[in-house]
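**Student:** So TrEMBL says this about it:
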DOMAIN    B:15-89  domain 'Fibronectin type-III'
DOMAIN    B:104-203  domain 'Interferon/interleukin receptor'
TRANSMEM  B:216-238  transmembrane segment
REGION    B:327-399  region 'Disordered'
COMPBIAS  B:333-343  compositional bias 'Acidic residues'
COMPBIAS  B:368-385  compositional bias 'Polar residues'
COMPBIAS  B:386-395  compositional bias 'Acidic residues'
REGION    B:434-489  region 'Disordered'
COMPBIAS  B:443-464  compositional bias 'Polar residues'
Amino acid sequence: MASENLPQGSTRRRLSQPSSSLIFPMAFVLSLLMALVLVSYSSGRSLGCDLSQNHVLVGRKNLRLLGQMKRLSPRFCLQDRKDFAFPQEMVEGSQLQEPQDISVLHEMLQQTFNLFHTERSSAAWDTTLLEQLLTGLHQQLDDLDTCLGLVMGEKDFSLGRMGPTLAVKRYFQGIHVYLKEKEYSDCAWEIVRVEIMRSFSSSTSLQERLKIMDGDLNSA
Amino acid sequence: LHINLPTKLHLATKRFRNFQSVLSWELKNHSIVPTHYTLWYTIMSKREDMKVVKDCINVTRSFCDLTDVWVNTTDMYIPQVVGFRENAKLVICMGSFFLVPDKPLDPPEFEIVGFTNHISVNVKFQFDSPGILSEELQFYLAFIEEHAGNSVKRHQPQITGNITKNFNYVIDKLIPNTNYCISVYFEPKDPRKINRSPLKCTLFRPRRESESSESATIGGIITLFLITAVFISTVMILKRIGYICLRNDFPKVLNFYKLSVWVFAELPPLEKVATVEVIHVNRKKKVWNYNYDDENDIENEAAPHLISGGYTKHGLTGKLCPTSTTSPSLEDCSLEDCSEPSAEEPYLPEPKGDAETPMAPGPGPWQSEGTSGGYQTRGTLWQDPTSEEDSDSTEGSEGRIVFNVNLNSVCVRALEDDKDSEVTLMSPSCPEETVELEDLNETESSVLVASEEGTQLPFTNPSTECPRPQDAPSDKSDTSESDVDMGDGYIVRQVNLKKFN
């Protein structure tokens, strides 16, 4: 059977090729991907909450200030001791996720700030030390507010009602009730000061854990 | 009798392999010294009674190891030491200790630069609040460890309380061509867990070297590698999914370049046909009245017959011109029964003599020399491939020509320059000159169509001058069918031709 070539007048049907409009989006995606690689490698910073060394130092300073605020020896207030049921397992436990850790820590700092930022507290403690303590607490709260915005997002309301945070709220509510019952005596404030030091010491463990988690993200 | 003597309690933590809490006491007045001591303690977080330390009952030493007793590092302990002399209490001493786990301070960032005869260590402080740093640093000591082979040497730079900037420390007295590794860390004055930095090493040589650029070079190479890998993988993915680099090497089966089907707008007919112009001639049917005088009239007349299906049957005569002019066995006949010869030509490819007709896809054409039955055909004829055997079988045997033409719309005419060339369908010498109805009926449904057997429709050779029916000797045909109306008209009928040679 004889075969013939296509005459010049005939047209060949060409397969469709991707239009040029698809090339530019793909190039943009590629550039963005490369930029992300560069940024993540060069900066070495994680995308999560970053509690800096300064935050830990401020917390340590606040704890030391609480110790310096002692006005009488605790051994003279042994009869005023009270078990406030501090939720130590919830604060020091490792089963919490990072958003919950930050929420608990923020609640503790905020309640501590509210406890010492009253007129009765100003009457009970040294003004200079008290102001330094409140300044340090406020600085730690500012650091955590940034972390809460990054980590929690729209879930802040739900985390505020979760178990560990509610336990911390109930704990400080008991302290307020105790002070009221003891009529804000010196021994009552001393018992409260020691109790706050105890809870603050537990929160520093929580801060260390958050810093370790952030360090793991950076190294990953 | 309780004698309260001035005493001093001191809780010391000694650095051993594990952190230990040892409580010791010291009497300021040494005039009355207890012979033995007993230690009790309680906590502030709960309302509990004093508990005695079992290992510190009636001890003569003035210290007690509480490492395994005071385990809660977040509680405040209230110890009570009672000094006895024989059975009398001489002294009671109480205190309060809050065991805050002094968290280790993270090591600072630092850089090392090797010179010809020393190494410079630049320690950087990256804290946001320098004031807090100075307060905290008073509780720590900074150390720089120098590792050279198996030897470790520790340096202690002097840090004052007002440090707010980075500081630099020089390590000299080095061994040439030796690799030195430096580590910087803070050690609490109250010994706790030390968090050492990873080692950074440099090879000390008499010439100046910089490790900072080396790490930057390695980082740049790794970055470039990552970028290249991402780019290559992206290109490969895009190519694989078909966004780029589409294939142009189509399989040959898809190559339509060489197919002649692109040339023509429509497919040629599958069956081989030959162009025949039918000239419609109204003939009056004549019934033979047994009068031999009306032969000529009968030959020249062919009455049209209306046939069901809208066709009008006319008498057609076809002429098969023999290859040899020596035995013209057929009379000439012509197909002149055509109403509009110019407009109603059937769309048949015009034969081109021996030239090939265009091929249509499908069954292959059967190209015939047209010698079947001794007659030379013109052009090539399409044949149903299923009927090749039949055509081969008919070759050399009886030929069969079937015409099926709608005479109202087509013209059948031998398309020749030579007007005399005619298509002879059958012998004009058939005694039955009139078209019998029964014969017409037989051909009624076979108007110019190729029979199922693939009857070849021979045409006269244009170079052959076909004898006219009136000139040719009346060599009677061997047709078995009815006769054909010869003359100017054409007769549509089924004709079985036989060899005349």
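Cβ coordinates come from backbone N, Cα and C, glycine included.
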**Student:** Could you please provide the mean pLDDT value for the domain 'Fibronectin type-III' (B:15-89)?
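**Tutor:** Looking only at the domain 'Fibronectin type-III' (B:15-89), pLDDT averages out to 84.
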**Student:** Other than its close neighbours in sequence, what residues sit by the transmembrane segment (B:216-238), given a CB gap under 8 Å and a spacing of at least six beyond its ends?
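**Tutor:** Tertiary neighbours of the transmembrane segment (B:216-238) are 244.
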**Student:** So, by DSSP, how many helix, strand and coil residues make up the domain 'Fibronectin type-III' (B:15-89)?
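**Tutor:** Computed counts for the domain 'Fibronectin type-III' (B:15-89) are 3 helix, 34 strand, 38 coil.
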